[in-house]
Amino acid sequence: MALIVHKYGGTSMGSPERIRNVAKRVAKWARAGHQMVVVPSAMSGETNRLLGLAKELAPSRAMQSYHRELDMLAATGEQASSALLAIALQAEGMEAVSYAGWQVPIRTDSSYTKARIESIDDQRVRSDLAAGKVVIVTGFQGIDGEGNITTLGRGGSDTSAVAVAAAMKADECLIYTDVDGVYTTDPRVVPEARRLQTVSFEEMLEMASLGSKVLQIRSVEFAGKYKVPMRVLSSFTPWDIDINEEAKSGTLITFEEDEKMEQAVVSGIAFNRDEAKISVLGVPDKPGIAYKILGAVADANIEVDVIIQNVSKDGKTDFSFTVNRNDYTRTVELLKEKVLPELGAQEVAGDTKICKVSIVGIGMRSHVGVASKMFRTLSEEGINIQMISTSEIKTSVVIDEKYMELAVRTLHKAFELDQPAA
Ligand code: ADP
Ligand code: ASP
Ligand code: MG
């Protein structure tokens, strides 16, 4: 008997029929003798619908000031699907109980809409499991020190599941989704993408942080920190497939790198359309510019990603960086009001129609020329690179959004990701 955590994403919970299928699958695992904790997402589209209603009532650039209420609102999506799953399980003849985040409780900090889990009390869940119940822990939500409901950021149910698995020292955390594993890139953009049997934790962390939304980055961080055995697999296989076959399907996140070091140099391509570029033009080139610009941005709690400073001409330089598109207007306003006058810079320019495309692979550490192959491939397609950022195991470029699919497809081919692994 093992303690297993299942997580089901929005599409997997998308209709009563699908919830019934989830219930049948969970019941199969429970009847095979496992203790089951299940973490569901809201039904697909529900979180967007709820947040859309809020946008009808308040200007979207002021959304920041309604964060507490947005969390109250968005958390209802998961609460509904958790109750529905408990009902479906009971209708299947299983004993099941659902808990909202505050009932567990899952304690978080107070950063509404992107709260971090601080601790999980597993007493209640454990005693239900001991009594033979399936326990449903509502995903995406928690409670802060003052009793406010918080949410964990978009895609946050992944993190709820892995955090519950870590807190309970579960034997495995299975993330059921609408694709049958982690692919070399998003299979919806590149149909030739290949499913990876295993992916190293470091590569998965990099892919998630670079925009591959198959797993929320914090879930991968939790898995790494607590060494949670974790697998991504499909919820669309027939619910009654052989449980041993199911347990081996999908993609396993591994914590050993050695075996992979000899394999593909690039193991995946990620892309992100959520960023916008901001340039401060004509800045006098003297010490402290980066601090003045980025310090003001950081003080406003805005995260910055790729940064470049151009060579100076006639004592002036241009300074560019990317932020999340949701923070674009706020950042431009802040720079115009506070930073431009102080710096004596000429202008703030921006571009929201950009995207970031990244190649990822731990094999890049030991191979030279990987980045230059990426640049050559893009130049052969006539795609202009606006910004570059590199680390040991990734190279990212910022390009015009309209070339995103072309870039991802061409790079996927150039790095032979469509070919079976050696
Ligand atoms: P869920 O609702 O189950 O959490 P998500 O939509 O959050 O599902 O994540 C699954 C989606 O992630 C897939 O449908 C796929 O389009 C996308 N995706 C992006 N990159 C990858 C990748 N490298 N491998 C697999 N899926 C990916
Ligand atoms: N329902 C939330 C979202 O859409 C959380 C999740 O699905 O993981 O972002
Ligand atoms: Mg998700």
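Backbone N, Cα and C define each Cβ position, glycine as well.
Lifted from TrEMBL, the feature list:
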- Lys7, Tyr8, Gly9, Gly10, Thr177, Asp178, Tyr183, Arg188, Lys213, Val214: ATP binding site (BINDING)
- Thr47, Glu78: substrate binding site (BINDING)
- 278-357: domain 'ACT' (DOMAIN)
- 359-422: domain 'ACT' (DOMAIN)
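On the structure: features taken from TrEMBL.
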residue : record                 : Cβ contacts under 8 Å, 6 or more apart
Lys7    : ATP binding site       : Val38, Val39, Pro40, Ser41, Gly139, Ser157, Asp158, Ser160, Ala161, Cys173, Leu174, Ile175, Tyr176
Gly9    : ATP binding site       : Ser41, Ser44, Ser157, Ile175, Tyr176, Thr177, Asp178, Ser235
Thr47   : substrate binding site : Gly10, Ala74, Gly77, Phe140, Arg154
Glu78   : substrate binding site : Pro40, Ser41, Ala42, Thr138, Gly139, Phe140, Gln141, Ser157
Tyr183  : ATP binding site       : Ala193, Arg194, Arg195, Leu196, Val214, Gly268
Lys213  : ATP binding site       : Gly155
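Reduced to three states, the DSSP call for Gly9 (ATP binding site) is coil.
Across the range of the domain 'ACT' (359-422), the DSSP-based residue counts are 30 helix, 14 strand, 20 coil. Looking at the residues that bind ATP per the record, Lys7, Tyr8, Gly9, Gly10, Thr177, Asp178, Tyr183, Arg188, Lys213, Val214, the two CA atoms farthest apart are separated by 22 Å. With respect to ligand 1, the binding-site residues Lys7, Gly9, Thr47, Glu78, Thr177, Tyr183 contribute Gly9, Thr177, Tyr183 as residues with a C-beta closer than 6 angstroms to one of its atoms, given in sequence order.
Look at Thr177 (ATP binding site): DSSP puts it in a strand.
Less than 6 Å separates the Cβ from ligand 2 in the case of Thr47, drawn from the binding-site residues Thr47, Tyr183, Lys213 in sequence order. Taken in sequence order, the binding-site residues Lys7, Gly9, Thr47, Glu78, Tyr183 that lie near ligand 3, meaning a CB under 6 Å from one of its atoms, are Gly9.
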